[in-house]
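Engineer: Just lifted these from TrEMBL, have a look:
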- B:61-108: domain 'NADH-Ubiquinone oxidoreductase (complex I) chain 5 N-terminal' (DOMAIN)
- B:124-408: domain 'NADH:quinone oxidoreductase/Mrp antiporter transmembrane' (DOMAIN)
- B:604-669: domain 'MrpA C-terminal/MbhD' (DOMAIN)
- B:679-758: domain 'MrpA C-terminal/MbhE' (DOMAIN)
- B:29-49: transmembrane segment (TRANSMEM)
- B:130-147: transmembrane segment (TRANSMEM)
- B:159-184: transmembrane segment (TRANSMEM)
- B:268-289: transmembrane segment (TRANSMEM)
- B:296-314: transmembrane segment (TRANSMEM)
- B:320-344: transmembrane segment (TRANSMEM)
- B:365-387: transmembrane segment (TRANSMEM)
- B:399-425: transmembrane segment (TRANSMEM)
- B:488-513: transmembrane segment (TRANSMEM)
- B:560-580: transmembrane segment (TRANSMEM)
- B:600-615: transmembrane segment (TRANSMEM)
- B:622-640: transmembrane segment (TRANSMEM)
Amino acid sequence: MKSLIFQTASRYLLPLLLLFSVFILLRGHYLPGGGFVGGLMAAIAFILYSFAFGLKETRSIVKLNPRYLMPIGLAICILSAISPWLVGLPVMTGLWYDEPLQLIGMVGSALFFDIGVYLVVIGSTLTIMFSIIETI
Amino acid sequence: MIFAVISGLISAAILPIFSRFKKDLVPKLYPFIPLGIFIYLASFLQHVVSEGAQFWSYSWIPSFGINLDFRLDGLSLLFGLMITGIGALVFFYTSYYLKEDKYLDRFYGYLSMFMAAMLGLVLSDNLISLFIFWELTSISSFFLIGYKNEDDSSQKSALTALGVTGFGGLVLLAGLIWIGHVGGTFSYTELLNSSEILQNHQSYIWIVILVFVGAFTKSAQFPFHFWLPGAMKAPTPVSTYLHSATMVKAGIYLLARFTPLLGGTDIWNWTLIIVGGFTMLYAAIHSLFRTDLKSILAYSTISALGILVFLLGIGTEDALLGAGIFILTHALYKATLFLITGIIDHETGTREVTSLAGLQKIMKPVALAGYLAALSSAGVPFLLGFISKEVMYEASFHFGSWAILLTAALVITKIILFVAGFWVGIKPFTGSLPEEHKSAKMPSPLLWVPPVLLASLSLIFGALPWLLDGLMQSVFTSMLPEAPEIHLAVWHGFNWILGLSLITLAVGLVLYYTLKPSKKLIENVKTFDRIAPIQLMENIAMSFQGFAEKWTGFFQNGFLRNYVITILLFLTVLAGYRLYDGVDIHLDWNQISQITPSEFLVVILMVTSIIFALVTKTRTGVIVALGIIGLANCLFFLYYSAPDLAMTQFSIDILLVLLFMLVLFQLPKNRSFSTRKIRYRDGLLSLMFGSLIAILALEVFEAPSYSEVSDYYAENAYILAKGKNVVNVILVDFRGIDTMVETVVLVIAAIGVFSLLNLNLNPKSKD
């Protein structure tokens, strides 16, 4: 879809939406949001961009093939789940830093778990969508 | 003991890795596995003979009463020695026979697996582990029969064999479970005490039938015999090992094993006599109509198995002893005949008995083995066959009022087997050597030593039968707990039995010289093929396949819309049936004033978009309308304070619209394909389904709701998990494992879509 308005808009929308998705991800623990929604939004951002500029262009701005996000995300999920076990607590016990960090807020294993979910969602959604786009 | 049993499995398991590095070593090393186990088992001979059964027990699944209990008594020792002894010879033989074969290592894997399964089968004391090993033999024989995996007829034979024996195995499982249920234990040794209970139980007859089906399928008894001739497609070592010496005798083993447990009743005895007697005659006559050496052997094997079943059916002391001796006799001479058939095939390239003669000039030791085996099969004095034949005749001759009929059947069978044995063991070697086989060579010792060894055992045991006294005594005892002492001897004095033996030999010899194998004979029996059991089974299989095709074609017709219709219709009927009892809905119209104007607006919006989606002519219109419905849903979530849900629904909706756009943009212009009738049908179905969902949703309100779980989550979200967003805390903490598994599912789905879309079934059209 080579519409000038659409192209210009999506060029600005991509970083904004990505930023927004990270914001949604981080606020999840206290306010509506979370890894799943955040991941979906990030995926939408890339798909919108690929609508405007085509798949090749989109693939070239993200060097990493979205397929690889799936194992990475899964690994983060599993690591965050078993990290309490490594320090002698039951698996999936929430571990937290005592002090909140700037911008991010409280950091704990649950946050990493959410980040894992976020990456898996982006990875699988983009994999599915990109393969569909490619076959058309 | 457990190591001896499973070492075959272990060596089969490490084979793929081992052969990658040292492929040449496989045929050199693997024959020593059965040889080692043979020696190990033979070392127990003295113990078993003097002290009776030996036991080993290994816990496996004690909670179900399933353990790896091994019992080594006379019967299992006889089988164990045959399995490993003939196994070792076959292993050595194969290393030369299939020398150039590229899958030789794989072959050894299958053989080892089979050997282990067979050993486990005969040593198992636990009925369930017996069944597991029983099925393992079927599975490994499937691989061995289908070894020439690119050959269509091999594949077919392997499938037939697996189908028949696998089916029998399942039936047997039912029988074994039933025995365990009635007897209260799966342990054979313990069950021996409750044979009275089993035999007087009302389900005794069913147990016997189930066990019989299992044994008859495995041991190729009529009408399940047809898989065995087909199984001869396997390389000759396999036929030697599985289809004459060991696997087909598993059914015999089972019957012999269960004789003290279930045997002795009329139904047991007469079923076995009739089935065994019929099989032995039927297969013996069949063998006369074949000209392929292996086919002759196949049918004579079925006939010999029939004799064994027949003997077990007679069930007297003589008969059981005869069965015990004949198991060994048959294994020795039949394995020899198979092995020399393999040699003949290997050296001359043909197995047509009509074109073979005079080979003794080239391969003397092979001919010697052939002569001995044929004579043993015929039952000539000073060979083991003579002794087993004497005992057999003794048994049938003294069997009450039916003695004459049964003895006649046995004598006729033995006469025909005499001829068949001579055709295979003597005819190819005598006479003048035809021109086309002049180029045949003397085979390697690896090929001719095993048959010569087996044949000379027939001679040694036949001439000095007291060597077998100990082993046969304990075999006898395991079939008949109060067995009398036995002394095997060649000479029994002048009596009727000797007369019958002489008649057998004389008539057999006359028949051998008058009846020549010929291809014409086989044409004559072709007309009966229509009613042969194999034909019946094929017809059943074909019609079943036809039915399955029609059934699948009707439901899985490839049209997505039909799938949806099937699913919706099924659900509607199912849930509708449940609502048939009456619907429990109460609408409180007083609450209608609580509806806010904004909610009302959203409903209007939804209804309008639905109508728009129905009437619009363009695809884009439909997609946008559907998108609006989704967004309106989001608004509802928001009104009822579920912002997380709303956000997610919102994103999903956007994705969906994008996806539709993406795909539909590429399609040609929208046209109306469906007729008016179809539209009405679909409309009706949607209405039905919609109302059903509405009714269900309203019914949910009627059910009392329990809020303890949600209260717990709400109260503890911050205390336990330091989160204020309960939904998120549930997702990442309380029910984190669920989420984790869901992400895995998501990844699997993505991989599925990715691989399906990138799947190229037609490699030629690759772009």
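For all residues, glycine too, the Cβ spot is worked out from N, Cα and C.
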Engineer: Could you tell me the mean pLDDT the prediction assigns to the domain 'NADH-Ubiquinone oxidoreductase (complex I) chain 5 N-terminal' (B:61-108)?
Structural biologist: 86
Engineer: Mind checking which residues of the chain, 6+ beyond the ends of the transmembrane segment (B:622-640), have their Cβ under 8 Å from one of its Cβ atoms?
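Structural biologist: Beyond its ends, the transmembrane segment (B:622-640) has Cβ neighbours at 596, 598-599, 602, 605-606, 609-610, 612-613, 616, 646, 649-650, 652-654, 656-657, 660-661, 664.
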Engineer: Other than its close neighbours in sequence, what residues sit by the transmembrane segment (B:29-49), given a CB gap under 8 Å and a spacing of at least six beyond its ends?
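Structural biologist: Non-local partners: 4, 7-8, 11, 72-74, 77, 80-81, 83-85, 87-88, 91-92, 95, 108, 111-112, 115, 119, 470-471, 473-474.
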Engineer: Would the transmembrane segment (B:320-344) count as touching the transmembrane segment (B:399-425), i.e. at least 3 C-beta pairs under 8 angstroms with sequence separation of 6+?
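Structural biologist: As far as Cβ distances go (cut-off 8 Å, pairs 6 or more apart), the transmembrane segment (B:399-425) and the transmembrane segment (B:320-344) touch.
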Engineer: Determine which residues of the chain contact the transmembrane segment (B:560-580) at the Cβ level, with the cut-off under 8 Å and only residues 6 or more beyond its ends counted.
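Structural biologist: Cβ under 8 Å, 6 or more out: 682, 685-686, 688-689, 692, 695-696.
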Engineer: Just to be sure I understand, if DSSP states are collapsed into helix, strand and coil, how many residues of the domain 'MrpA C-terminal/MbhE' (B:679-758) fall in each?
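Structural biologist: Secondary-structure composition of the domain 'MrpA C-terminal/MbhE' (B:679-758): 70 helix, 0 strand, 10 coil.
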Engineer: Within the same chain, where does the transmembrane segment (B:320-344) have neighbours whose Cβ lies under 8 angstroms from its own Cβ atoms, ignoring anything closer than 6 residues to its ends? I mean 6 or more beyond.
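Structural biologist: Sequence-distant neighbours of the transmembrane segment (B:320-344): 75, 78-79, 82, 86, 89-90, 93, 97, 235-237, 239-241, 244-246, 249, 252, 256, 259, 293-294, 297, 300-301, 304, 307-308, 311-312, 350-351, 356, 359, 363, 366, 369-370, 372-374, 376-377, 384-385, 387-388, 391-392, 394-395, 421, 424-425, 428, 443, 447-448, 450-451, 454-455, 457-458, 461, 468, 472, 475-476, 479-480, 483, 486, 488.
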